[in-house]
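Notes to accompany the following structure.
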Amino acid sequence: NAAKTIADIIRTCLGPKSMMKMLLDPMGGIVMTNDGNAILREIQVQHPAAKSMIEISRTQDEEVGDGTTSVIILAGEMLSVA
């Protein structure tokens, strides 16, 4: 359920009509972004499945450099039908 929540948060950041998200950074400042990778870097999660989703995104970014939002949405959909 936590991994699906991560996918639902990131889902609206994909495509030409993506929506901006407002985040609080560790210093208390407001960050507005529609970059899925930036959002996943800023959020803190405790659930192991959600941590795995974020690790998938980081690996995608390191190996390919793009597609972090897509890989999270794809993994979330795979978990929802499992």
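Just so it is clear, glycine is given a Cβ too, placed from its N, Cα and C backbone atoms.
Positions annotated as ATP binding site by Swiss-Prot: G15, G67, T68, T69. Among the features that Swiss-Prot reports, ADP binding site is placed at G15, G67, T68, T69, S70. The Mg(2+) binding site feature in Swiss-Prot is assigned to D66.
Fewest other C-beta atoms within 10 angstroms, among the binding-site residues G15, G67, are seen around G15. Taking every protein chain shown into account, T68, S70 are the binding-site residues, and of these the Cβ with the most other Cβ atoms within 10 Å belongs to T68. One way to see the shell of the ADP site is to take the Cβ centroid of G15, G67, T68, T69, S70; the remaining same-chain residues with a Cβ within 8 Å of it are I10, C13, L14, G36, D66, V71, I72, I73. With the fewest other Cβ atoms inside 10 Å of its Cβ, the least crowded of the binding-site residues D66, T69 in this structure is D66. The DSSP secondary structure for T69 (ATP binding site) is helix. Cα to Cα, S70 (ADP binding site) and G15 (ATP binding site) are separated by 10 Å.
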